[in-house]
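Listed features, source Swiss-Prot:
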- 1-25: topological domain 'Cytoplasmic' (TOPO_DOM)
- 71-76: topological domain 'Cytoplasmic' (TOPO_DOM)
- 100-103: topological domain 'Periplasmic' (TOPO_DOM)
- 127-138: topological domain 'Cytoplasmic' (TOPO_DOM)
- 26-44: transmembrane segment (TRANSMEM)
- 48-70: transmembrane segment (TRANSMEM)
- 77-99: transmembrane segment (TRANSMEM)
- 104-126: transmembrane segment (TRANSMEM)
- 139-161: transmembrane segment (TRANSMEM)
- 165-187: transmembrane segment (TRANSMEM)
Amino acid sequence: MLYIDKATILKFDLEMLKKHRRAIQFIAVLLFIVGLLCISFPFVSGDILSTVVGALLICSGIALIVGLFSNRSHNFWPVLSGFLVAVAYLLIGYFFIRAPELGIFAIAAFIAGLFCVAGVIRLMSWYRQRSMKGSWLQLVIGVLDIVIAWIFLGATPMVSVTLVSTLVGIELIFSAASLFSFASLFVKQQ
């Protein structure tokens, strides 16, 4: 999700943003449409999402290998470990493209892990700050995060694909809304 506050906006050149206002709005419309498509067609968008993530993993693996050999030092172990990570990226990316169903399940497991970690962190935060006013919200959000992680992990394959596609669709729609509000800050003056 895009997070843009006043401090970020002040760092941008105002004239440059006014020139690119239409492009920002166009990207926002595309994000909104893709978000709606992800929610409307979860299985097709799940396959596409897995393929895109696989392609990005392959590009990352290639970039890591190129970076290793162009910037290598005389230390053997960092180069070897970086090469092994690059090979892992390439293999995982290949499997994401070759078997999109497995890729989307891996994405679902990763998202479940993120929710679980976030839930544990929120619960720890609540426990440390339980005497403070309003700390109960940390408890509620932490429990909800763990419940969402459990739903992701315990879901059937069809539900898992639907959950991931819906989550990505909602995220894209919120990013589109954020870009629309960002673009509306820079109205062209006649």
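Even glycines carry a Cβ here, placed using N, Cα and C.
Among residues of the same chain six or more beyond the transmembrane segment (77-99), those with a C-beta under 8 A of the stretch's C-beta atoms are 50-51, 53-62, 64-65, 68, 106.
For the transmembrane segment (104-126), the partner stretch with the most Cβ pairs below 8 Å, chosen from 26-44, 48-70, 139-161, 165-187, is 139-161. Sequence-distant contacts of the transmembrane segment (26-44), counting only residues of its own chain at least 6 positions beyond either end whose CB sits under 8 Å from a CB of the stretch, comprise 158, 161-162, 164-166, 168-173, 175-177, 179-180, 183. Residues of the same chain lying 6 or more positions beyond the ends of the topological domain 'Periplasmic' (100-103) and with a Cβ under 8 Å from any Cβ of it are 46-47, 50-51, 53-54, 157, 161.
For the topological domain 'Periplasmic' (100-103), DSSP puts the residue distribution at 4 helix, 0 strand, 0 coil. Helix, strand and coil counts from DSSP across the topological domain 'Cytoplasmic' (127-138) read 5 helix, 0 strand, 7 coil.
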